[in-house]
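Per TrEMBL, the features are as follows:
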- 150: active site (ACT_SITE)
- 107, 149, 153: Fe cation binding site (BINDING)
Ligand SMILES: [Zn+2]
């Protein structure tokens, strides 16, 4: 089932999420709905707060982005990664701050806008899978970027906070359009 995505301005997007417990009501259904919702909006990641559940859970699928890239870009941005489709429960990221890179990011809660965000190239992440089994993994490049973006959502942080004041200022008119519910989105958005 496709869920409405909480639009920029919704308080839930500024909230710190709590850990997901295995007895959370209808969590399997929520996860299935999140995949449907993300693909319907042609997104590559979605965090639970974006569908109004402030819990530590997000999904990422970097495969379509990987497939759409030229061989040269794959070598540059994926660093051996073939694209990842994964669910992350109660994640904790360790950043590798030795190398940073900037690239454009968008967000399903902030439709029609992109901004250049500087992030660490590589991360280590400890998390649980859909069976609450603990996992550890290292990601780099574009997949690491997507994971960091979704992880920020669990801390009530949007990519806008990483932008320079000037870039943010240039977005103000479009942002107020979203705030006022005047943005015609291709997928269902919810304004609170
Ligand atoms: Zn986002």
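Numbering starts at 1 and runs along the chain as displayed.
A Cβ is built for glycine as well, from the same backbone N, Cα and C atoms used for every other residue.
Features per TrEMBL, on structure.
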| residue | record | Cβ contacts under 8 Å, 6 or more apart |
| --- | --- | --- |
| 107 | Fe cation binding site | 8, 113, 149, 158, 159 |
| 150 | active site | 45, 46, 47, 58, 59, 60, 88 |
| 153 | Fe cation binding site | 13, 17, 47, 49, 50, 58 |
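Here the Cβ of residue 149 (Fe cation binding site) has 23 other Cβ atoms within 10 Å, regardless of which shown protein chain they belong to. In the three-state DSSP scheme, residue 153 (Fe cation binding site) is classed as helix.
Of the chain residues outside the Fe cation site list 107, 149, 153, 45, 47, 50, 105, 108, 109, 150, 152, 158, 159 have their Cβ within 8 Å of the site's Cβ mean position.
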